[in-house]
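A.B. asks: Sharing the record's features from Swiss-Prot:
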BINDING   D8, E99, E102, H103  Mn(2+) 1 binding site
BINDING   E11, H77, E99, E102  Mn(2+) 2 binding site
DOMAIN    1-63  domain 'HTH dtxR-type'
Amino acid sequence: MPTPSMEDYIEQIYILIEEKGYARVSDIAEALSVHPSSVTKMVQKLDKDEYLVYEKYRGLVLTAKGKKIGKRLVYRHELLEQFMRIIGVDEENIYHDVEGIEHHLSWNAIDRIGDLVQYFQEDPKRIETLRNIQKRNEQAEE
């Protein structure tokens with residue numbers, strides 16, 4: 001199992017490859033706000049653990065294992081962002097909140113959150129009911 005830090009790198013590499021067709025050390029460093037030397041060390045570790053193949057000065061490619069995990073990590077992140085929007089978290093807090101919790105949830109919890117997101121999406125009236133409850137609670141706090 002990858003560590004939370006490894007997950008961040010795999011997720012970002014997956015996103016870069018999906019968007020640009022490639023992922024360079026400099027692109028990864030910029031996206032994660034870390035030094036290129038840190039990226040190189042992590043990429044070497046990910047290569048050793050067979051999440052990707054890295055050739056110095058030639059770039060990197062995710063292995064089947066890396067692609068599978070990368071896809072699942074992106075799904076987890078996007079699902080948690082959807083969940084935060086549904087439950088009414090302020091947009092400016094969503095990314096930071098998701099980054100704070102995504103590594104601490106089991107895949108079972110992620111699957112159950114997915115069920116809940118689906119439940120709300122299948123009937124928009126459910127979201128409307130939730131918003132009404134939130135408004136009532138906010139008014140009661142005033």
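Cβ coordinates come from backbone N, Cα and C, glycine included.
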A.B. asks: Find, for the listed binding-site residues D8, E11, E99, E102, the residue with the lowest Cβ contact count at a 10 Å cut-off, counting only other Cβ atoms.
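C.D. replies: Each of the binding-site residues D8, E11, E99, E102 was scored; lowest Cβ tally within 10 Å is E99.
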A.B. asks: Taking the center of the Cβ atoms of E11, H77, E99, E102 at the recorded Mn(2+) 2 site, which other residues in this chain have a Cβ no more than 8 Å from that point?
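C.D. replies: Near the Mn(2+) 2 site, beyond E11, H77, E99, E102, sit E7, D8, L73, R76, L80, V98, H103.
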A.B. asks: Among H77, H103, all listed as binding-site residues, which has the most CB atoms within 10 Å of its CB?
C.D. replies: H77
A.B. asks: An 8 Å radius from the center of the D8, E99, E102, H103 Cβ atoms defines the neighbourhood of the Mn(2+) 1 site; name the other residues of that chain inside it, in order.
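C.D. replies: In sequence order, the nearby non-listed residues are P4, E7, E11, H77, V98, G100, I101.
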A.B. asks: Using DSSP and three states only, what is E99 (Mn(2+) 1 binding site)?
C.D. replies: helix
A.B. asks: Between E99 (Mn(2+) 1 binding site) and H77 (Mn(2+) 2 binding site), what is the CA-CA distance rounded to a whole number of Å?
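C.D. replies: If we compare the Cα positions of E99 (Mn(2+) 1 binding site) and H77 (Mn(2+) 2 binding site), the gap is 8 Å.
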